[in-house]
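Q: The phosphoserine annotation in Swiss-Prot covers Ser10, and the record cites similarity to another entry as its basis. The domain 'Ig-like 1' annotation in Swiss-Prot covers 12-100. What Swiss-Prot lists as disulfide bond is Cys33-Cys84, Cys149-Cys209, Cys267-Cys319, Cys362-Cys412, Cys738-Cys788, Cys829-Cys879, Cys920-Cys970, Cys1011-Cys1061, Cys1103-Cys1153, Cys1195-Cys1245, Cys1289-Cys1430, Cys1558-Cys1608. Look at Swiss-Prot and you will find 85-94 tagged as region 'Interaction with TTN'. The annotation domain 'Ig-like 2' is assigned in Swiss-Prot to 128-225. According to Swiss-Prot, the feature region 'Disordered' maps to 227-249. As annotated by Swiss-Prot, domain 'Ig-like 3' applies to 241-330. If you look up Swiss-Prot, you'll see 339-425 marked as domain 'Ig-like 4'. As annotated by Swiss-Prot, domain 'Fibronectin type-III' applies to 517-615. The domain 'Ig-like 5' annotation in Swiss-Prot covers 720-800. Taken from Swiss-Prot, the feature domain 'Ig-like 7' applies to 902-982. Annotation source Swiss-Prot lists domain 'Ig-like 8' at 986-1075. What Swiss-Prot lists as domain 'Ig-like 10' is 1176-1261. Taken from Swiss-Prot, the feature domain 'Ig-like 11' covers 1266-1442. Residues or ranges marked as domain 'Ig-like 12' by Swiss-Prot: 1536-1621. Positions annotated as domain 'Ig-like 13' by Swiss-Prot: 1625-1694.
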Amino acid sequence: MKAGSGDQGSPPCFLRFPRPVRVVSGAEAELKCVVLGEPPPTVVWEKGGQQLVASERLSFPEDGAEHGLLLSGALPTDAGVYVCRARNAAGEAYAAAAVTVLEPPAPEPEPESSECPLPTPGTGEGAPKFLTGPQSQWVLRGEEVVLTCQVGGLPEPKLYWEKDGMALDEVWDSSHFKLEPGRGASDEGASLTLRILAARLPDSGVYVCHARNAHGHAQAGALLQVHQPRESPPQDPDENPKPVLEPLKGAPKTFWVNEGKHAKFRCYVMGKPEPEIEWHLEGRPLLPDRRRLMYRDRDGGFVLKVLYCQAKDRGLYVCAARNSAGQTLSAVQLHVKEPRLRFTRPLQDVEGREHGIVVLECKVPNSRIPTAWFREDQRLLPCRKYEQIEEGAVRRLVIHKLKADDDGVYLCEMRGRVRTVANVTVKGPILKRLPRKLDVLEGENAVLLVETQEAGVQGCWSRDGEDLPDTCQSSCGHMHALVLPGVTREDAGEITFSLGNSRTTTLLRVKCVKHSPPGPPVMVEMFKGQKNKVLLTWKPPEPPPETSFIYRLERQEVGSDDWIQCFSIEKAGAVEVPGDCVPTEGDYHFRICTVSEHGRSPHVVFNGSAHLVPTARLVSGLEDVQVYDGEDAVFSLDLSAIIQGSWFLNGEQLQSNEPEGQVEPGALRYRIEQKGLQHRLILQAVKHRDSGALVGFSCPGVQDSAALTIQESSVHILSPQDKVSLTFTTSERVVLTCELSRVDFPATWYKDGQKVEESESLIVKTEGRKHRLILPEAQVRDSGEFECRTEGVSAFFGVTVQDPPVHIVNPQEHVFVHAITSECVRLTCEVDREDTTVHWYKDGQEVEESDIIVLENKGPHHRLVLPAARPSDGGEFQCVAGDERAYFTVTITDVFSWIVYPSSEVHVAAVRLERVVLTCELCRPWAEVRWTKDGEEVVESPALLLEKEDTIRRLVLPSVQLEDSGEYLCEIHDESASFTITVTEPPVRIIYPQDEVTLHAVSLECVVLTCELSREDAPVRWYKDGLEVEESEALVLQSDGPRRRLVLPAAQPEDGGEFVCDAGDDSAFFTVTVTAPPERIVHPAARSLDLQFGAPGHVELRCEVAPAGSQVRWYKDGLEVEVSDALQLGAEGPARTLTLPHAQPEDAGEYVCETRDEAVTFNVSLAELPVQFLAPEAAPNPLCVVPGEPVVLSCELSRASAQVFWSHNGSPVQQGEGLELRAEGPRRILCIQAADLAHTGVYTCQSGASPGAPSLSFNVQVAELPPVKLVSELTPLTVHEGDDATFQCEVSPPDAEVTWLRNGAVITAGPQLEMVQNGSSRTLIIRGCQLKDAGTVTARAGAADTSARLHVRETELLFLRRLQDVRAEEGQDVHLEVETGRVGAAGTVRWIRGGEPLPLDSRLTTAQDGHVHRLSIHGVLLTDQGTYGCESRHDRTLARLSVRPRQLRELRPLEDVTVHEGGSATFQLELSQEGVTGEWAQGGVRLHPGPKCHIQSEGRTHRLVLSGLGLADSGCVSFTADTLRCAARLTVREVPVTIVQGPQDLEVTEGDTATFECELSQTLADVIWEKDGQALSLSPRLRLQALGTRRLLLLRRCCSSDAGTYSCVVGTARSEPARLTVREREVSVLRELRSVSAREGDGATFECTVSETEITGRWELGGRALRPGGRVRIRQEGKKHILVLSELRTEDTGEVCFQAGPAQSLARLEVEALPLQMCRRPPREKTVLVNRRAVLEVTVSRPGGHVCWMREGVELCPGNKYETRRHGTTHSLVIHDVRPEDQGTYSCQAGQDSADTQLLVDGD
């Protein structure tokens, strides 16, 4: 039998989620989802957290894994979010969807045009319905297209067509569209035909026919595709085809894209008629395919998108647009950037048949590079569908069970997003599949196309598994179209086209159009004029929302964070909120927002808050209460609103600010409660003297009262008030207590209606008011109902006594059992008690004992035995013991084969002399087998052993030999197990060398590598540097017995390296180093040479080395040379050269050529050559110049450092005086800056001072200056004032000096005068001419001159900015301004009024600022009104000044005033005018002078004084005069309360009463008493009293903790602190404690009498403080203090101490222990399996007793092996990990009682 783990199944998983639904009120709403799971899940529907149940309108249809919710007659209340929750044993899943219920559409008038918005689709009988819809068509350009639709409906609907969402008259070129209205067949419905004459390519699109009437709207669409007809080939084959496109005039734009990325081209073309667009690549037209998408975006642009670009996509892309008016082109050059890391072998396009497989294969550069597969943008994970294989660097993707949707672009991507792309073509009935997904904006048209292989076939369109209506489907030949016009969110889903077994699917996603929410209301205001009401006003949002909207008003109580909705208002701009609208009294904030179908605006909060009080009504009033003496009396009433109220008792108001209070010391106590609308008054423990009391309740609008009646009762039960249910375990102590209202009153106990009788097992006790029934050791038979009965009243106790719970010790976990047919199966369950009865269940049914199932019970062990198991006996078994269960899963396997192992052929590889064991496992231990080798039965011998052990059969070869190789069979019946043994020799070992060998040799020396093996015939392989060597003349391999040699007869340096002798299982390593021969210089023979060369010249130093491959180094003067253009190194064969192409004298020196072993020296000297003139090569021609012209003489020498001498006519030339001598490298230059006649002559440049040195001569000739003359004359000019005047003339020569004169005076350049020289031209410019600039202008050059006259005309002074009419208020300053075209002199303009010059007035001022002239009138008067003008000699402008009387306004406004009650308030304001008469008002009522009202007016100041103010005078105070009204707030507050006399210091004795008193200034005021700065709260010892203006604090039974400082606080006033001192009371013990001896379980009483009554004592037992509760009761009767201890225990023994102040009394408590006995003993014998744990358990007579566990008489100590437990009276010993050595006798010692258990260990 073998154990395993079970399968937990799979949790629920949603294959299709429910989708949101929008329905009209009254229609059906249906939600559907598909959910799977193992086991099949249970599905429930919820809404608002509540599970839904089926009803008349609600049902839950199910169809396999599909679950639905069907809602009939949907109502607005049904709207909300519905949750589908699926559960099974493996988990839980849920999905949600929203249901929106719309109001039914209201009838609308018939629209006038197609621009009207469409109404919501109707569902009534008269709504439009398409009888015949338009059909999609595919036509060639120039053909005629006819689209027809026929619609029924009442009234007859109006029809109109749209193209791509636009009305036909909005289409750019619709002149060839023709509409033909008509009637349908049989005169049924209306029809409208759209005829398109000579269709053009731009006519392609979606055409939608709309039908509308008063009941609703319907629409149907069709797709029209117009194709370009194919061009016919030319008739003349020799004729070259015409180019498709015109050549580009300019260079195209360039676009780069990384390989594998997308490229997007967009062009925007305009024209009329609308152009036709074609895309071309390198002159070839492009058609859309998998990687080339062509479409038109929403902005009208034409887009070409190339997906996953490859190298073959590079080229020139052209967008060609043409219409009847012409054509235009736009081009871009696409470059595809290839990555550095590339696929070694990229993907190739593949084809496959539907339902077949295809394989994509590529190769990466490195096998360790990870890759990922994609189908377009979707990552593919390995699965049965997509098998991904990696073999080294090869990557394969195998696509199984091809479908039409598998057609597409596939990518393999490695790191760096490097991709290789391939197309997968799926051949099948569907040629062109649907796109993976389609995104459409809400309201747009959705078009889906499918092309099939065969024409005329009928396909099926569906959405989310539901067939779509025929009106939106069209087919034409091979093409099938689905047109969904005006899609909504409900149209979203999975669209499928099915054709036989083929199908293609797309995900239609509808994107919602974003609508902006409405704006918030504006100008919100709050008015609180009326009591308990508030008026809220606002204005509509700006701009107003386009759709209908409402206002939502919300409130928030001050101090709370929650806003609660008050009203929803449609059109009102104001609302009054009364107090009845709030639930509780308080201050409230308000806010408002605008709500429409597009959302909600931000909230706007009204400033301030309003105090509102709900109007309460009495819902349930007070009722008279009758109770018994000592009981609580409860008075309650319910109100209609949450409001505060006051309780009264006999006319005295009860304090409601404290939860508990007392009417007066020693009198009735009460508690006030308020929960929501309910108010309660609880009078606690009422006495007979309180009978007849009158209880009242009062709040605004409600007053009620009731009477209290106390009834006398002989006795009643204080506790328990209700029936008590108790549960105990056997042997546990049970105590039932009933407390009566009277002491020592008799009571009788009953059980199940029968009077009980006292015995040892049932004890009845009475102590004062308490009556007890005790069951010392309860048994199961003691269960029942107990009753304590007295004087007609009873207390009931339900007692249940149960056995202790049973625990399953073994197994602790789920057990899985595997067995075969006829095998015996045992299921064992061990419990912790022997007397426990267990029940066995199989697959939920209780099993019964039979021949095939045996049940065994032995002590705590319970077994279920299947003697001969069958497959049908398998299943889930449970062993149930009490509340615990043990689980077993049994699997019985039928035997189809005798041989269990091995199930396949076994191959065994062994070496000679090794031990080989062949094992075969059978399903039956008694089966006999037959062993054969190579077909012959084997014979057992010392060399071949046959073994048998249970079901195992073995063949053993102790020392296998080579001849033992072969096929061995273990045969039984018709079966056999095959073993193939292959015996080989033991591995070869290398004896020598054991370590790595290192050899050093010289070139041509013989090198021998030797290796000795452990076997002579063992083959070896030799390797050098990892490569196997090949024998040759230079490398010889030898074999001599066990020795193997590798010989290098004449080793070379390249023969060095690492050699390995590989003998298969062992290797030897040799490191050989061959040193090369010495490197020698063969030529020249001499080691030092002297060489001489001319400079500059070519120098080459040469030597030959041996061997030819030797490396050399060159040095110059001890430093290694560096290669450059001036020094070159060469090597050819044995020759080594150093070359100086252009040697200079400085290159002379010692040159050394050095090899590793030798060197040769070259002493190089360089002699300079004589200097030669290199340029010019011949004597230069004479140089002729004019005076002033620069002269440059230049020559080039053969040596840059050569010195030259210049001479002029034989005289040396010196630098300076206009001569400059320069040297630039080999060039020598003489420069004459400005030649004159003295510079004429021969200039000579001589190289060196020695006679006969080379020289070069230059002949320079300077011509005489020509005469200066004027070539052109000046021209007279006439200009306007402010313009520029330009005079120009020409002179010869061009550099002649010219002087300008005006009116005979020489002029110079300045801001107004500008002089310009340009060659021979001379110009004078006079800027901004003035009248004074007129005159004669002269230009003088040498002796010649020319003159011209300048005339300046005056410019008209015109107004550019004219006067504007002005309106002003009396007393303001007025400014009139004009702007002139030019800046005139002062006085050129004048101001007039009424046609006359301005009068002299100090209030009138004029000013000029450049072009601006300004008239200012200060403090304008009514008399200043009139027409004002400004005029010049050439222009005039007028304007009207209107003056209105001065407006009355406030200079200093009214201010809010706050005063205390009885005080006075002064309001004052200052106006802008004097002598104004106004009215004062308060709260809207006009005020008149009186004793409390004083009104004053002084000049512009107005004052109001109000005196003797009260709280009711708070409100608004206003002043009104003419059109002016201003207001302020008057706030009257209560006079603050003050403390007239504070509390005084007190000193009291402990236990006495302390009284503090303070006196206030007012009678009605609340006082807070504080102690040490902390507020005091009411308690039984603390009382507060109010006597007029006096406030008392009474502190009863003072103790030391009451000492401290006390003060009273009222408002902001605080009294001086008063100190309370508490003196300790002298206490003495009058009667000492007495010691007590008692037996365990009994009680003990201690009494102590002290000298003082009001004293608190403290009890201790054994040093521990005692507190009442449980087994301890403490009470005080006057001076006597009593301690009662019940149910004594041995640990209670100790010293009892009572202490009261300094007094103390001690006594001794002795508790005699009862003998400890065993109630339940452990079993005499217990059997435990090995490695399990054993539990021994014993129950003793009382808890707390000591139990000792021993083994073989030795006490056991707790630890890892042994664990002791105690639970009440039960003691356990747990032995962990039981071993055979743990077997023996275990003893338990409890007091004088003991018990033994024999522990037996079963198993190996």
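Just so it is clear, glycine is given a Cβ too, placed from its N, Cα and C backbone atoms.
Remember, predicted model here, so these are calculated numbers, not experimental data.
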Q: Looking only at Cys412, Cys1103, the disulfide-bonded residues on record, which one has the least crowded Cβ, with the fewest other Cβ atoms within 10 Å?
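A: It is Cys1103 that, of the disulfide-bonded residues Cys412, Cys1103, has the fewest other Cβ atoms within 10 Å.
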Q: Counting across all protein chains shown, how many other Cβ atoms sit within 10 Å of the Cβ of Cys879 (disulfide bond)?
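A: Summing over all protein chains shown, Cys879 (disulfide bond) has 23 other Cβ atoms within 10 Å.
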Q: In angstrom units, rounded to an integer, how far apart are the Cα atoms of Cys209 (disulfide bond) and Cys829 (disulfide bond)?
A: 80
Q: Of the residues in the domain 'Ig-like 8' (986-1075), how many are helix, strand and coil by DSSP?
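A: The composition, in the requested order, is 3 helix, 50 strand, 37 coil.
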Q: Please count the residues of the domain 'Fibronectin type-III' (517-615) that DSSP assigns to helix (H, G, I), strand (E, B) and coil.
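A: So the domain 'Fibronectin type-III' (517-615) is made up of 3 helix, 52 strand, 44 coil.
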Q: Highest Cβ count within 10 Å among the disulfide-bonded residues Cys209, Cys267: which residue is it?
A: Cys209
Q: Would you report the average pLDDT that the model assigns to the domain 'Fibronectin type-III' (517-615)?
A: 85
Q: By DSSP assignment, list the helix, strand and coil residue numbers for the region 'Interaction with TTN' (85-94), in that order.
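A: Tallied per class, the region 'Interaction with TTN' (85-94) gives 0 helix, 8 strand, 2 coil.
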Q: How many helix, strand and coil residues does the domain 'Ig-like 5' (720-800) contain under DSSP?
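A: With helix first, then strand, then coil, the domain 'Ig-like 5' (720-800) has 3 helix, 47 strand, 31 coil.
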Q: With every protein chain in view, how many other Cβ atoms are within 10 Å of the Cβ of Cys84 (disulfide bond)?
A: 24
Q: In sequence order, which same-chain residues at least six apart have a C-beta under 8 angstroms from Ser10 (phosphoserine)?
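A: The answer is Leu36, Gly37, Glu38, Ala90.
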Q: Which residues in the same chain, at least 6 apart in sequence, have a Cβ under 8 Å from the Cβ of Cys149 (disulfide bond)?
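A: Listed in sequence order: Phe130, Thr132, Gly133, Pro134, Leu159, Ser191, Leu192, Thr193, Cys209, Ala211, Ala220.
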Q: Cys412 (disulfide bond) to Cys267 (disulfide bond): how many Å between their Cα atoms?
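A: Cys412 (disulfide bond) and Cys267 (disulfide bond) have their Cα atoms 32 Å apart.
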Q: Which residues, sitting 6 or more apart from Cys920 (disulfide bond) on the same chain, put a CB under 8 Å from its CB?
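A: Sequence-distant Cβ neighbours: Ile899, Tyr901, Pro902, Val929, Ile952, Arg953, Arg954, Cys970, Ala977.
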Q: Sort out the sequence-distant neighbours of Cys1245 (disulfide bond) for me: same chain, 6+ apart, CB within less than 8 Å of its CB, listed by position.
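A: The list for Cys1245 (disulfide bond) reads Leu1193, Cys1195, Val1204, Phe1205, Trp1206, Arg1228, Leu1230, Ser1255, Leu1256, Ser1257, Phe1258, given in order along the sequence.
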Q: Within 10 angstroms of the C-beta of Cys1011 (disulfide bond), what count of other C-beta atoms is obtained when all protein chains are considered?
A: 25
Q: Measure from the CA atom of Cys319 (disulfide bond) to the CA atom of Cys362 (disulfide bond) and give the result in Å, rounded to a whole number.
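A: Cys319 (disulfide bond) has its Cα 35 Å from the Cα of Cys362 (disulfide bond).
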Q: Determine the Cβ neighbour count for Cys1430 (disulfide bond): the number of other Cβ atoms within 10 Å of its Cβ.
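A: Result for Cys1430 (disulfide bond): 24 other Cβ atoms within 10 Å.
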Q: Among Cys879, Cys1103, Cys1153, these being the disulfide-bonded residues, pick the one whose CA is nearest to that of Cys1558 (disulfide bond).
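A: Going through Cys879, Cys1103, Cys1153 one by one, the closest to Cys1558 (disulfide bond) is Cys879.
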Q: Closest of the disulfide-bonded residues to Cys1289 (disulfide bond), Cα to Cα, picking from Cys84, Cys267, Cys829, Cys1153?
A: Cys267
Q: Select one residue from Cys362, Cys1558: among these disulfide-bonded residues, choose the one with the most other Cβ atoms within 10 Å of its Cβ.
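A: Of the disulfide-bonded residues Cys362, Cys1558, the highest Cβ count within 10 Å belongs to Cys1558.
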Q: Could you state the whole-number distance in Å separating the C-alpha atoms of Cys879 (disulfide bond) and Cys84 (disulfide bond)?
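A: Given the Cα positions, Cys879 (disulfide bond) is 37 Å from Cys84 (disulfide bond).
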